[in-house]
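The next block holds one structure in the form of structure tokens; read it before the comments.
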Amino acid sequence: MKGLHLHLVLVTMTIVASIAAAAPAAPGGALADECNQDFQKVTLCLDFATGKATIPSKKCCDAVEDIKERDPKCLCFVIQQAKTGGQALKDLGVQEDKLIQLPTSCQLHNASITNCPKLLGISPSSPDAAVFTNNATTTPVAPAGKSPATPATSTDKGGSASAKDGHAVVALAVALMAVSFVLTLPRHVTLGM
């Protein structure tokens, strides 16, 4: 058991180091630093984000709601980074459209991803904004423990970030997702090492 724990730590560190080393340094990393813990919270949504669950769990929705209430631009940033996160997130099975559905699926009041370009300080007509405007209409899914509600729009103001921000944060998110996946394996399963 102790050997498996050490192996998990080493695998996590290797994943983070390799992805961070491959990613170019990003300007304006302040938003990435600010939203770092929010990536960790979103790992509670991994089952929904990978399509293993048809609805987000209550823990997932509580985490998403906390992000939205505390700093809504970080929720936008998480979605944006999933879009620009590259093959590593796709290899884990993260479905971009599921992340985009989170505010609606968790039935957050006063939340709409159409506000994300403004919160992130990107031009609504830019290609970076397309992830939010092209996918703004999603079918709501009732999450576990929530009753149906109609999302409204947000009036929160936010800072700015470029689409390239947060590669190190994405690496951390990928590592956390990988660890979450491995921890869900039955105890008798070995990792082949």
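Placed from the backbone N, Cα and C atoms, the Cβ positions cover glycine too.
Annotated signal peptide per Swiss-Prot: 1-22, in sequence order.
According to Swiss-Prot, the disulfide bond annotation covers CYS35-CYS76 (among others), on the basis of similarity to another entry. According to DSSP, CYS35 (disulfide bond) is assigned to coil rather than to any helix or strand.
Annotation source Swiss-Prot lists disulfide bond at CYS45-CYS60 (among others), citing similarity to another entry. CYS45 (disulfide bond) carries a helical DSSP state (H, G or I). Cβ-based neighbour count (10 Å, all protein chains) for CYS45 (disulfide bond) stands at 26.
Positions annotated as disulfide bond by Swiss-Prot: CYS61-CYS106 (among others). Annotation note: CYS106 (disulfide bond) sits in a coil segment as assigned by DSSP.
What Swiss-Prot lists as disulfide bond is CYS74-CYS116 (among others). Secondary structure at CYS74 (disulfide bond), as computed by DSSP, is helix. Within 10 Å of the C-beta of CYS74 (disulfide bond) there are 24 other C-beta atoms, taking all protein chains into account.
Positions annotated as N-linked glycosylation site by Swiss-Prot, on the basis of sequence analysis: ASN110 (among others).
The N-linked glycosylation site annotation in Swiss-Prot covers ASN135 (among others), and the record cites sequence analysis as its basis.
Annotation comment: Swiss-Prot describes 138-161 as region 'Disordered'.
For ASP165, the entry in Swiss-Prot reads GPI-anchor amidated aspartate.
Using CYS61 (disulfide bond) as the reference Cα, a 10 A cut-off selects CYS45 from the recorded positions CYS35, CYS45, CYS74, CYS76, ASN110, CYS116. Each of the recorded positions CYS35, CYS106, ASN110, CYS116 was scored by the number of other CB atoms within 10 A of its CB, and the lowest score belongs to ASN110. Sorting the disulfide-bonded residues CYS61, CYS76 by the number of other Cβ atoms within 10 Å puts CYS76 first.
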